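Chemist: Straight out of Swiss-Prot:
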- Asp393, Asp437: Mg(2+) 1 binding site (BINDING)
- Asp393, Ile394, Asp437: Mg(2+) 2 binding site (BINDING)
- 393-398, 435-437, Arg481, Lys1099, 1176-1178, 1183-1187, Lys1223: ATP binding site (BINDING)
- 607-618: compositional bias 'Polar residues' (COMPBIAS)
- 670-680: compositional bias 'Polar residues' (COMPBIAS)
- 1287-1305: compositional bias 'Basic and acidic residues' (COMPBIAS)
- Asn199: N-linked glycosylation site (CARBOHYD)
- Asn946: N-linked glycosylation site (CARBOHYD)
- Asn951: N-linked glycosylation site (CARBOHYD)
- 46-71: region 'Disordered' (REGION)
- 343-369: region 'Disordered' (REGION)
- 607-680: region 'Disordered' (REGION)
- 1261-1305: region 'Disordered' (REGION)
- 111-131: transmembrane segment (TRANSMEM)
- 135-155: transmembrane segment (TRANSMEM)
- 165-185: transmembrane segment (TRANSMEM)
- 210-229: transmembrane segment (TRANSMEM)
- 236-253: transmembrane segment (TRANSMEM)
- 275-295: transmembrane segment (TRANSMEM)
- 779-799: transmembrane segment (TRANSMEM)
- 811-831: transmembrane segment (TRANSMEM)
- 860-880: transmembrane segment (TRANSMEM)
- 884-904: transmembrane segment (TRANSMEM)
- 912-932: transmembrane segment (TRANSMEM)
- 967-987: transmembrane segment (TRANSMEM)
Amino acid sequence: MASPVNQQLLHHTEVRCDGSGDGSSVTVRINRQHHQAPSRRCKYSISSSCSSGESGVKKTGGSGGARRQKKLPQLFERSTSNWWNPKFDSNNLEEACVERCFPQTQRRFRYALMYLSVAGLLWSIYFSVHMKTKLVSHLVPTLCFLIVCLGFFFFTFTKSYARHCTAISLLVTLLVFTLTLASQFQVLNPGLGSDSLSNLTSFSATGSSSCLSQVGSFSICVEVLLLLYTVMHLPLYLSACLGVAYSILFETFGYHFRDESCFVLLVGRMAHWELLSKALLHVCIHAIGVHLFIMSEVRSRSTFLKVGQSIMHGKDLEVEKALKERMIHSVMPRIIADDLMKQGDDESENSVKRHSASSPKSRKKKSSIQKTPIIFRPFKMQRIEQVSILFADIVGFTKMSANKSAHALVGLLNDLFGRFDRLCEETKCEKISTLGDCYYCVAGCPEPRPDHAYCCIEMGLGMIEAIDQFCQEKKEMVNMRVGVHTGTVLCGILGMRRFKFDVWSNDVNLANLMEQLGVAGKVHISEKTARYLDDRYLMEDSMVVERLGQIVAADQLKGLKTFLISGGRTRVPSCSCSQTLIPVQEGTDLSSPSLAPHVQAAISETSDSHTNCTQPETLKSCPSCGETAARDGPEEGVSAANGGGEEWKGGAPRPSAIGASLKDPERSPESSTGDTLTNSQASLYDMLQEKGRWCGVSMDQSALLPLRFKNIREKTDAHFVEVIKEDSLMKDYFFKPPINPLSLNFLDKELETSYRASYQEEVIRMAPVKTFASATFSSLQDVLLNYFIFVLLSVACLLKPGTNTVSPPTLALVLLSVCGLLGFLSLLVSVRMAFYLEDMLLCTRRLLEIISGWVPRHFIGTVLVCLPAAVIFSYLSSDFYTDIHYTMFLCSALLIPMVQYCNFCQLSSSALLLATITGATMLILIYLPLCPQRPPLDPGTDIEANLSTSNSSYETLDNPRTELPFTRLGQEIAVAYFLLLLLVWFLNREFDVSYRLHYHGDVEADLHRTKIQSMRDQADWLLRNIIPYHVAEQLKVSQSYSKNHDDAGVIFASIVNFSEFYEENYEGGKECYRALNELIGDFDELLSKPHYSCIEKIKTIGATYMAASGLNPSQCQDSSQPHRHLQTLFEFAKEMMSVVDEFNNNMLWFNFKLRIGFNHGPLTAGVIGTTKLLYDIWGDTVNIASRMDTTGVECRIQASEESYRVLVKMGYDFDYRGTVNVKGKGQMKTYHFPKCTDNGGLVPHHQLCISPDIRVQVDGSIGRSPTDEISSLVTGGKGAVELGSGEAERKREKAEERGRDGGAR
């Protein structure tokens, strides 16, 4: 097992960050996340991500836990500290955000022009109906403005607008300022007296007027300021300066140039109270505008980051998926791998937990489909007919490896088997495994193909040519002996750990025999295989009888006729990598269906490049292997591949296609990703380097963290920008959001439900406030601004009664007190929910969790947002026809609560309804006065004077013409309120969409992040089942892995009577292997126990289980107990015996018998292969451990003398067996465990004599004993390789001692 530090690099990692709020200081921590099933209420959820710039530390629980810092959060992730100019702290991000969000800005500006045009058109209609004398002076500027707006609208569709959008917005703003301020220049009429009755008579005589009341003009001012802050897209400081200047000029011109003939009843200058009150109203509208501006920028940039993260996560997802495919394809064929990955994609949660399926907690057998419990684990094994099987052995390998060190030996095997792996892909064969110096593969399995025999023949001939090239490059003298047979096989995977795809059948055994009885340099085929071939090959009789004798031919071949193939009749020599031996079949799918099109294209290009390499002369530019043939050149110019990666012996790394694609700055990320991931010839080193590189980039890009050095941050930002520019998701995201265009609900009902519950979930999780866009802090801002507006409006409404020393209405005072108390309490609760929620009592938190639900929160928010409007209505109901100036001010003040509905984005579904009700109520109060019996009086007198006015005034005012001002006032306010409602509706819609898009971006990023983590866990789990984790960590920094271990333990455990259980007549033996799979799965479950973490399963060889301990140096650092791992391995062997006994108790008619061999000592561990990786161990220690098994006694553990001396000191009692004959070692003393008791009987004498040299495998296969693997050639003390007794003796002994090999059938 890897150390905790190393484990964080790949498995269950999470990046968390603490930002200081200004984005200038970020600390990155990598925390270990325990693998546990999350409890989610719904499909969509938001979790704390590393990109959020978390500004606090979560409280760990208890009063003594760390408390979060209570400080103002940053505006948004990666924002600068300048709140008056919200922007990213990176120029790359800021420019990309402006560019990607430009379509949204452009669309909003067009809407603004359309709104201005509609407003101008409505006011033109109003003026044309009501004005008689100044028709031209009002209509001409308005019509000109409409034409200008139309021109700007069409200009936004040109490319020039993108370059001058800010200047255009500023020009339109100044134009609107000029036009609206011009209406304030109203000519004074000195001919009018100050007497109200005379003015009324004069007005009645003319019957016309040409100006707006202060309600209409103030509504225009409000609309202009809202447009300035929300859709003109000018910098905040510029918008604020322009807005303040506009407010000052608006009120100044309105105060000095008011036309007293506009409304006769409104005669009189502005009072000081009105001037101050209007100033407070402007403060309110500017506060609302600034808040809308900041939150719009915050949400747009946050959404940009979230969508960008989704894009990056999508790229990472593709990388992780391709990486997972390559890793899983290294242990099983594509068709089986695709089925497994499809199941993992459909059931991601199950795929994440797949590793736990082999844990001790899940001892009950799993069921994948049936609802009723079954006793077997999921098991897939197929019986396929017409499959060609190839076995190939290196002739002369013993002599070649005699003077090689272990590291050099692994390197040679890697180089040679790497060539075979590439050749296997080209010939469409499926590699099964390597057995020492033996290589075997199949064709037509698991995907049937009619040319399976040709594939194997081409593979065999290509291997012969490849080893010839190998000999010329390495100056060695070796050759290949190849055997091919065609028949029926069982194919599948056994076990739950360190699994590999394998084949079993008697025909597999016969193919192995073809290789043993073959001739070096030729392909030995059976008569059945020859029936599938035509005359394209040079075929001759094998002459087995003449070469080996009649007895051998009769006993082993049993009359089977065989042939030798020396080559093709028109065969063209191939390069050293043996490419393009057969043409690629039309319609062959070279790519995974799950990869993106650009990845498939890269595979096709790679395949095409392979076809160009056909002759030895072209070795200098072979694109598939990258090798250069230098037959006559110096030795240091020859390339060698170690650990699956190629390197120059001269020292400098060779530039490869993979390296070039990743290091070329001119290439796009997509193309480099495709080239990197689709080259099936990439080694494990390349795979791990890609995983480390892309996973690291994924963390940097998805989190967008300004890591400790500026250059790193700039590089990651530049890469982030480069990737999102090539993706259309950003544009589609803003133009085609996944929401209903009418109701603004998400199209996904489950997502809508999750959205409505998101606020409550955040309160329940006590999520820390990270940015202004956080749900709880956003609500706090809304409540704070609402209370601020409420206070200012209350003060403004109290100024008039205060100046007249008249007490305000009782209803208004009571309502003011109640509303003020409610607003203050809501503000306190919002502050506590945002910053101090964890400090509250449990019952209080439960109450807040309840009221934070969708319905309670909307009800409370509706009450709060209506408080300012309720206060104003209380004044209107009392003083409506008492003071017309005060009434008009209240009508103007009522515009502020209507605008304020834009702030509550979380209540946007009901905000428009509330604003509509408010405006409609105002119009009803104007058209249907509450006191119709009381005539409107002169505003210049006090209330008492108005009440004592003479009856003659009533008679004068009974004229119907006197109602015209109020009729026009109602119509004017109706137009003003309608336009304001239209603007509020537009802004509400835009902000609601942006708020939902921000949430959807969070969800998408979180789902991608979760899925990527799931795939990383799957890939990590697969990687652990290919090679040990500590080996994978080493291969990240080195191109090869081979390590000598001085003290490692090895066991071989065989089911000795499985051959009696195995029967091919029933379903081809499939159900027999199902039982074996169950037993091996039980052995694998033992390894899942933490106590056995130091034990590594090496492989299964038929019905033999091989495991070792002491292979991880980080777990063997306890100098006080250097042999502790041996005790653990021995305990594991004992428990295997118990598992077999328990398994036999569940068997109805058969009892398996387990035999275990134990040994320890020095050995060599390494990884060989490129496309099909194999972690294996070699050495005398492995050889003796295998002999301890093959010469052992059933139901007992046989240990060597050296292991006995170590184990007996640990308290284990052994029986001394005596000496047994071990090939290569002579007579060895062995010991048995457990020790026989007096009444337990002696071990039968016939078992003591068991010393088979030829053993038929339990599944009927004839295999190669691990003693004949190259492990037997490595001496324990010096790491050198033993020399054999001669090639003739080796041929004779190999035919006799193929007992059990590393997986041959």
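Don't overthink the numbers, they just go from 1 along the chain as shown.
Cβ atoms are placed via backbone N, Cα and C, with glycine included.
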Chemist: Cα within 10 Å of Asp437 (Mg(2+) 1 binding site): which of the binding-site residues Ile394, Arg481, Ile1177 qualify?
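Modeler: Correct set: Ile394.
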Chemist: Grab the same-chain neighbours of the transmembrane segment (236-253) for me: Cβ-Cβ under 8 Å, and only residues 6 or more beyond its ends, written as numbers and ranges.
Modeler: 84-86, 170, 173, 177, 180-181, 184-185, 217, 221, 224-225, 228-229, 275, 278-279, 282, 285-286, 289-290, 293-294, 297
Chemist: Check the Cα distances from Asp393 (Mg(2+) 1 binding site) to each of the binding-site residues Arg481, Ile1177, Ile1184 and keep only the ones within 10 Å.
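Modeler: Correct set: Arg481.
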Chemist: Say we define neighbours as other CB atoms within 10 Å of the CB. Which of the binding-site residues Arg481, Arg1187 has the fewest?
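Modeler: Checked Arg481, Arg1187; of these binding-site residues, fewest Cβ neighbours within 10 Å: Arg481.
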Chemist: Starting from the Cβ centroid of Asp393, Ile394, Asp437, the recorded Mg(2+) 2 site, name every other residue in that chain with its Cβ within 8 Å, sequence order please.
Modeler: Ala392, Val395, Phe397, Gly436, Cys438, Tyr439, Val478, Met480, Arg481
Chemist: If we skip the immediate neighbours and take only residues 6+ beyond the ends of the transmembrane segment (165-185), which ones have a Cβ under 8 Å from one of its Cβ atoms?
Modeler: 102, 105-106, 109, 112-113, 116, 141-142, 145, 148-149, 152, 155-156, 211-212, 217, 220-221, 224, 227-228, 232-234, 238, 242, 246, 249-250, 253-254, 257
Chemist: For the transmembrane segment (275-295), could you work out the same-chain residues 6 or more beyond its ends whose Cβ comes under 8 Å from its Cβ atoms?
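Modeler: Counting only partners 6 or more residues beyond its ends, the transmembrane segment (275-295) has Cβ contacts under 8 Å with 75, 83, 86, 218, 221-222, 225-226, 228-230, 236, 239-240, 243-244, 247, 251, 255, 772-773, 778, 781, 785, 788-789, 792-793, 795-797, 799-800, 889, 892-893, 896, 899-900, 902-903, 905, 987, 991.
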Chemist: Within 10 Å of the Cβ of Asp393 (Mg(2+) 1 binding site), how many other Cβ atoms can you find? Include all protein chains, please.
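Modeler: By my count, 23.
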Chemist: According to DSSP, folded down to helix, strand and coil, what is Asp393 (Mg(2+) 1 binding site)?
Modeler: strand
Chemist: On a C-alpha basis, identify the one among Leu435, Arg481, Ile1184, Arg1187 that is nearest to Ile394 (Mg(2+) 2 binding site); the candidates are the binding-site residues.
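Modeler: Its closest listed neighbour, by Cα, is Arg481.
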Chemist: Determine, from DSSP, whether Asp437 (Mg(2+) 1 binding site) sits in helix, strand or coil.
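Modeler: Where Asp437 (Mg(2+) 1 binding site) sits, the three-state DSSP reduction gives coil.
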Chemist: Validating a neighbour-count step here. Other CB atoms within 10 A of the CB of Asp437 (Mg(2+) 1 binding site): how many?
Modeler: 25
Chemist: Can you tell me whether DSSP puts Ile1184 (ATP binding site) in helix, strand or coil?
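Modeler: DSSP call for Ile1184 (ATP binding site): helix.
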